[in-house]
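Record features, source TrEMBL:
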type	residues	note
DOMAIN	A:27-260	domain 'ABC transporter'
DOMAIN	A:275-515	domain 'ABC transporter'
TRANSMEM	A:540-561	transmembrane segment
TRANSMEM	A:567-588	transmembrane segment
TRANSMEM	A:619-640	transmembrane segment
TRANSMEM	A:647-665	transmembrane segment
TRANSMEM	A:685-706	transmembrane segment
TRANSMEM	A:737-760	transmembrane segment
TRANSMEM	A:766-785	transmembrane segment
TRANSMEM	A:792-811	transmembrane segment
TRANSMEM	A:817-836	transmembrane segment
Amino acid sequence: MHGAPTAASAGAVGTVVTRAAEQQVALRLTGIDKSFPGVRALDGVDLTVLSGEVHALVGENGAGKSTLMAVASGALAPDGGSVEIAGTRLTGASPDEARDLGLAIVRQDPALLPDLTVAENMAIGVGHRRVGGIHRAVAWSQARLDPWGMAIDPRSRVDELSVEQRFVVEIAKALALEPTVLILDEPTEHLNLDEVSRLFSRVREIVAGGAAVVYISHRIPEVKQISDRITVLRDGSVRGTFSTEEVDEAQIIERAIGRKLEAVFPPKGSEIGSVGTDEVLVVRGLQGEGFHGVDLTVRAGEIVGLAGVQGNGQAALLRALAGLAPAEGSVSVQGEPVPRGNLAARRSGIVYIPADRHAEGVFMSLDVAENISAATLPEVAGAGFVGTRRVLTRARQQIEQLGIKTPGPSTMVSALSGGNQQKVVLARTRLAAPRVLLAEEPTQGVDAGARVDIYQILRETADSGAAVLLLSSDGIELQGLCDRVLIMSRGRVVEELTGDEVTEAAIGRAALMSTQLRDRRDADRAGGFRRWIRGDHAPALVLGALLLLLGLVVSATNPAYLTPFNLNNLLFMAAPALFVGAAQQVVVLGSGFDLSVGPLMGLLVVLSSFWIVEGGNLWVGLGLMLGGALAVGLINGVLVTAFHVNPVVATLGMSMALQGVYLALRSTPGGIIFPTVSEWVQARFGFVPVVTVVAVAVLLVLELALRRTRWGLRLRATGSRADAAARLGIRTGRVRLGSYVLGSLLVLPAAVVMMAQIGIGDGRPALSYTLTSITVIVLAGTSIFGGRGSFLAVLVAALLVQQILNVSPLLGLSQAWSYWLPGLVTLAAALLYALARRGGLPSARRRRATTVAPGGRS
Amino acid sequence: MSTSERTSTPVAAPPRAAGHAGRTVARLFGGSWVPITVATVALLAVSPAIAPGSLGSASVLSMLPFAAVLAIAAAGQTLVVQQRGLDLSVPGMMALGAVLVTALPQQYGVGVVPAVVLAVLVPALFGLLNGVLVAVFGITPLVATLGMNAVLLGTVFAVSDGTPSGAADGLNRFTLDRTLGVPNTVIVAVVVIAVAAVVASRSIIGHRLTQIGVSERAAAAIGIRVNRYRLSAYGFAAACYGAAGLLLAGYAKTPPLFLGDSYLLPTVAAVVLGGTALTGGIASIAATAVAALFLSQLGQLLRSLGWPDSSQLIAQAVVLILVVVLRVVVPTAWQRWRGRSTS
């Protein structure tokens, strides 16, 4: 077809015929059934994939392709039927087992860990043995990525990569496993023509090597080009398997949708003349993040499609029009300019249907009726109070008119099938009487029946005089529904297709041809220093400078500061801060939180005061402390991992319980700590306390372990994205449990220092260390969501916190400052990091994490 | 995949009866006002049997003011939890309310009424600041409110100069008095809770707060100015803490400087017991208030059994963790049991 290395494809097709007889079955699915609430996703599906072939799986959104492959890869348990990989039957739903049998899958939502580097991701993905140890991972990954020519630096963090770079990493990872069965689920969605042809030549190579490839796509021309056989899936059933040579594109489309296009799509406004002359939506010179110089006009009654390779600004443009992202330029609706902001857009009659239905479309834990009236509450309210009965009546009307399948208006919307959830969104949208409707992938993860209804509703909305802008990655949908289609590339509208030009093939061709080049951020190749400054250790440098500066200022104003006595005191008191900071860091890296640090320290001090006293036994005392720390860590960890208790609640409860326990043991301070032990603990070299040296050493070891050991990798992986880590075979529960135990164990030395310092059994002075531990990690720039942090930064941050507390009396500050300083430092640090992290948008991080729209259950 | 597993609970069961029972079980342990009300009534009923006199009028009258204070503070915590936060600045906010209402008249000569107003308004401003940090700057609620708590305690220290002041006589008398036999503190609490509960569950504002709590992004997509609502949730929450602090200060006559320290866990416990999910969204202030009554009566019962305060801390923590764990364990176990019995 267009621009493909035709010689190679002809060769591949040619060999199939001759080899067909001796080909072995690489993947055999027999009688697969799978139901989701309200939907029969798969119905007795049989599929046989031979080694040495590219087997395409074709079907519309919601036909069951991804569900079928989730079953094949062991990620989802079927209700019935069996999966056989290379002749061995899968015993249960286990991705590990499937992988061991030689199956690799590239999903629409790549299993990548955003806070880890590319090399670390590849090492986890393919196993350390294949890579040859973590220290070789960079060179090994470089060798696997270079052929793609995407300028991916293996030392970059994944969250710094663009979407297509992430896909290439994911594909390279799967190829490195040397699979016998490789499943590619919509792999070209984010790729340009060049990248697609590179992917295809790799696919042909591995097929020539005897592997089988299952290729899922709704881009029919690509399927024609790459595959040997095609299986068509519709409504969860196989509608036939064909040799690719025997069918043409039109036949494939007809089989995928099961009827003529005209039967699925309502007549177009441009054909029956319902498109008005009013220019309802007029956009001039609009620019924002991801798009620029956009001019477009949508008239009343018109449905205009937005197409292009994903990530070329289509979605960003839609969000900006909905007022959800800042943009400059002019937008007007029926001649009235639209001010900034989502509320202003809404007031101008712009209504947005988001692609990510679960997170952004519906309110999952609210009922159907609430969802339907969500956007139009004032219409069902009197004097500011919502009329429940009116909400229900309206919901019943919409349920009936749109044929929403739900037990009733009070059913939670999460219990509905994808298609019916989307109909709820459309009901809400209809009630909002849009003048401009922005629909982003409205049929993703929607079953066939509902999809036809959705097309109907979109057309009716247009017919009622609204301007509809439809973003879709499905060419058939654009062909069937749109009066015009705009192709976007690199943030601009580059082509417009009208009338007879609006066909699946033309749209696909235009999108690919216009996106041959791409702006690539070569900053990723920047020098060592720039990478370092973006890295986890950078805060250490800034904090170190602050530490020195503060020291200089104070020593200039107060000579008492530089005395060995004060320095010794400062460093000695820094030891517990170092240990509790490290403890909190370990837990937070695994995306946990520990509020029981301070009270645990208090409990351990009180425990020590019963045995580490005159006539007691040091070892029993230490044993008790160790036992206490272990028990608390285990209980916290079990509550969080086994019982899924929110870490904050679990450790808040624990912290109160621990306070109760130590108060019950000693309601007033008592039990003089054996002085000899105190002296040991306070031993020093010159003015440098030994415990502080030990603490620094422990932190350095932890830092090394975090980067260089599998434990460190697993901990960061779990904290970065637990679901992806689990998919990669990491036992995230155990890792998190371990982090709580290790965290509590790190509190133990802090308690020993405290015990020596106060010399008496009293838990209360330790309470403030919970805040100290959190101040330290916040200062150190540790990601509070887990996955990223540096013990070097914790080291410097702990010293800085102690320094700040130490200097306030030297500067003659009142006692109020002993509260203000840690509080203000925590807030200021959190604020600075928050500002540094986001590039203008408050939720940049969250959005970045979800740039790749989840595939839904199709 | 996890979504589909979670969502399969309500309708996946073909046999109607089992499905209905399953829903009931899920509701009982998944959070609603019913279980906590039943538990509270049960607790009140068994109290006299366990400790004679623990439901006597003297006992109840000494418990109720504390329940009132806790209920008001917990109402605030409910608003924050609804926004998927957790407010760790409760102790500082209550202490600030208390110190303003006591120290301002005694040390600075401010009238009692303006002091009462300030004791609510000033914490509310700090609460708005919490909201700005969380909503506008995207700081984790935990870190923002923990840092804010330290700032508030410092402020309390600065305002009071480190020494507690006594509450003005007028305020003290009001909090100790009863109207028609009902302690004034309880009347205040009932009014505050009733207004807050009706607004939160019935008004447009309340519906929007719920929507934002369920999903900020979905709320933004339908044109709600999410940040404004989140800001005001934190502001109103702090006003509640301030009010709770001032009532407690009035009742205690000479309150300790940091009187809120022991209220952080109970507010969280009351919210959780009241059935509001920590994942945000649907919240019930009324249920939280009932839970506050439950916790206070539990404390009273333990006290009449001679338990020291330290054991009370443990008991509260155990109740909190137990309820949270049961909410996870019971529906899962039920699901498994039903799965076995139907297949």
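Even glycines carry a Cβ here, placed using N, Cα and C.
Source: prediction; values computed, not measured.
Confidence for the domain 'ABC transporter' (A:27-260), expressed as mean pLDDT, is 86. If you count C-beta pairs under 8 angstroms between the transmembrane segment (A:540-561) and each of A:619-640, A:737-760, A:766-785, A:792-811, A:817-836, the highest count goes to A:792-811. In this chain, the transmembrane segment (A:817-836) does not touch the transmembrane segment (A:567-588); fewer than three CB pairs sit within less than 8 A of each other, excluding pairs fewer than 6 residues apart.
A contact links the transmembrane segment (A:647-665) to the transmembrane segment (A:619-640), because at least 3 Cβ pairs that are 6 or more residues apart lie under 8 A.
Taking pairs at least six residues apart, the transmembrane segment (A:817-836) and the transmembrane segment (A:737-760) share fewer than three Cβ pairs below 8 Å and do not count as touching. Between the transmembrane segment (A:619-640) and the stretches A:685-706, A:737-760, A:792-811, the greatest number of Cβ pairs separated by less than 8 Å involves A:737-760. Taking Cβ pairs closer than 8 Å, the transmembrane segment (A:792-811) reaches residues 536-540, 543-544, 546-547, 550-551, 554, 557-558, 560-561, 566, 569-570, 573-574, 577-578, 581-582, 585, 696, 699-700, 703, 772, 775-777, 779-782, 817-818, 821-822, 825 in its own chain, all 6 or more past its ends.
Sequence-remote contacts of a segment are chain residues at least 6 beyond its ends whose Cβ falls under 8 Å from one of its Cβ atoms, and for the transmembrane segment (A:737-760) they are 572-573, 575-576, 579-580, 582-584, 586-587, 589-590, 592, 594, 597, 600-601, 604-605, 608-609, 612, 625-626, 629-630, 632-634, 636-638, 640-641, 669-673, 675, 677-678, 680-682, 691, 694-695, 698, 711, 715, 766, 769.
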